[in-house]
Amino acid sequence: MKRVDAHGLKIAPVLFDFIAKEAAPKTGIAPDAFWAGVAAIIKDLGPKNRALLALRDALQAKIDDWHRANKGKAFDLNAYTAFLKEIGYLVPEPATQKVETANVDEEIGKICGPQLVVPLTNARYALNAANARWGSLYDAFYGTDAIPHDPSESGKGYNKARGDKVIAKAKAFLDAAVPLATGSHTDVTAYSIVAGQLAVKLKSGNATALKNAAQFAGFQGDAAAPSAVLLVNNGLHVEVTINRNSAIGKDDPAGVADMVMEAAVSTILDMEDSVAAVDAEDKVLVYRNTLGLMNGTLSADFEKGGKTLTRSLNADRSYKTPDGKGEVKLHGRSLLLMRNCGHHMFTDAVLDERGEEVPEGLLDAAVSGLLAIHDLKGNSKVKNSRTGSAYIVKPKMHGPDEVSFTCEIFDRVEKMLGLPENTLKVGIMDEERRTTVNLKACIQRASKRIMFINTGFLDRTGDEIHTSMEAGPMIRKNEMKAQAWIKAYEDWNVDMGLIDGLPGHAQIGKGMWAAPDKMADMLAQKLAHPQAGATTAWVPSPTAATLHALHYHQVNVIARQEELTKGGPRAKLSDILTIPVSKSNWAPDDVKQEIDNNCQGILGYVVRWIDQGVGCSKVPDIHDVGLMEDRATLRISSQHLANWLHQGVITEAQVMESLKRMAVVVDKQNAGDAIYKPMAPAFDGVAFKAACDLIFKGREQPNGYTEYILTARRREAKAAG
């Protein structure tokens, strides 16, 4: 490949052309000026980036030495804490200072609700996520196990018995969230608007109204016979769709055909853990899809029922005000946030003046800023931010100095692009241990830019294992969620967010529900996230977003945060620093089960990543339950096995035997995939080798990250065709 030279950089032609012909036009930024700015940022900040990574390695080496020096002794938490302070891992906690982030959209500062994460390599998925601001509650109940499946309800076509259960459950939700003054929504025969109020007729013949008249927010159609009634609860809207001629509405006493929930309030467009972007072509695909979302032109064709359909961004939703005289406009799409790569990644899409790969996070920030201009300047028929902000999630930062570095990058990008100061907002992923223990300082370093903090249990566990690799054998993977450090970590995140005044300025978020087919379990368990004071939490699909929205109707998060603030902080640093090592002597069958579970999960994810470039997918686990896997789950599994190997719990021979046995299982699970390349019986493919590397070289991977091995092996697979 002949690269394009510009300002000392050597740029892949596909990226150079994308910036010149697609990204830069209509932004007011000349392509040459863009590359001049990028070159200056890389020259000035590249060395600082490398120095921060070197500090990570130096701190890890000191921690490893400390554990080795104290091997065989009872763990002394006070001595350990003092040591972490001495080496600069644990910094002094700053005085409380409230954040000052300005110009954030309501979806960040005011509205509480679900958050989707979507890989930017797939345009249709990205559009589905952006459009998941609204979702059918009837469809979500009908198509999932949120209502248990009765064998008698199976078959093609609509099953009325199941449909009746769906309608009953949906109306029970409405009774709880938007109750009537008397009676139930189940007994309604007509909704109408009289004198700016919702008038409700019951089958008894009696008239009633909403218990709280302010929950009526608008309508569509005629006041006497509306086609939609808009209700609101805890800041989230519900549209009751009325159509007496529809298949569902014709049998409903009030003609109700559906309930459309305001669902995915925000969506993370992912350039990081859920994508396999290893070269310039991959990066341009990610950037091009982002551009299409920022300028409103993205579309995707797909086949359904023998027809070709085109998906594009939904328009805003329009209703009449309750008095019928004005208009209520509601956002038709999720607020879009862009997740860039972390400081540790490098890309060959651009080489610096020494011919070395440049920090990928620097390139991502510059391109993200450029693409956001299309939204900020109004180049799109639909708006993302209404307040002049662009939202960038920054993952895998270790401690406050790295947060400061991110803010410095954003400052340079704003100056380069002529954007007002603090246009680029930052989401801090609290997924590395050094960020957790110094979270207050991290928040304050970004006090004018911060737009969210979010716990990421999966990556955080991977870092927990790697940081304390020398401390001893870790407990079994499935026991990790029950440990004291996990509860403290989750509570600490909310505590610090409330202390630093994030409400009104930034989201406080919780992690992913990883089982997209287990919606009944999600409904039972994920209520805990808003109850914990989180304003948002991650879901794996638009349907899951629709169902998780129910939890924000059950819990008034703003009121819950006020309760928690009055109660004071709940988490203790001492619990967070308690290392999850085990003194157990596990039975041989338990050890074998742990190895098999980890090996199967690693192979199931890695084989698609390496051979097909799929960075996030629903991978069947060892029990054939589909789980959403990305690099975070891979990090835990590979680090867990690396720890047990290093601590002598298991042998390389045991792991290799399991890998080969589990490869056969994974091959069978993928038998229906026409482009799948089996790993057995040769076990010599690039994907199988990558899985081996992740385990057997896991201890030497910086912070236990999987990206370096995955990227190298994916490039190898692409080169081999």
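Glycine too: its Cβ is placed from the backbone N, Cα and C atoms.
When the candidates Ser274, Ser574, Ser582, Ser584 are compared with the acetyl-CoA site entry in Swiss-Prot, which names Val117, Arg124, Tyr125, Arg311, Pro540, the shared residue is Ser274. Listed recorded positions: Val117, Cys616; maximum Cβ neighbour count within 10 Å falls on Cys616. Residue density at Arg339 (active site, proton acceptor): 25 other Cβ atoms are found within 10 A of its Cβ, drawing on all protein chains shown. Closest to Tyr125 (acetyl-CoA binding site) in space, going by CA atoms and restricting to the recorded positions Leu458, Asp459, Cys616, is Cys616. Here Arg311 (acetyl-CoA binding site) is compared against the recorded positions Phe457, Leu458, Asp630, and the shortest C-alpha distance is to Asp630. Asp630 (active site, proton donor) has its Cα within 10 Å of the Cα of these recorded positions: Ser274, taken from Arg124, Ser274, Arg339, Glu431, Gly456, Phe457. Residues Arg339, Glu431, Gly456, Phe457, Leu458, Asp459 are listed as the glyoxylate binders, and the farthest two of them sit 17 Å apart at their Cα atoms. Long-range Cβ proximity for Gly456 (glyoxylate binding site), meaning a same-chain Cβ under 8 A and a gap of 6 or more residues, is found for Pro395, Met429, Asp430, Glu431, Gly511, Met512, Ala632.
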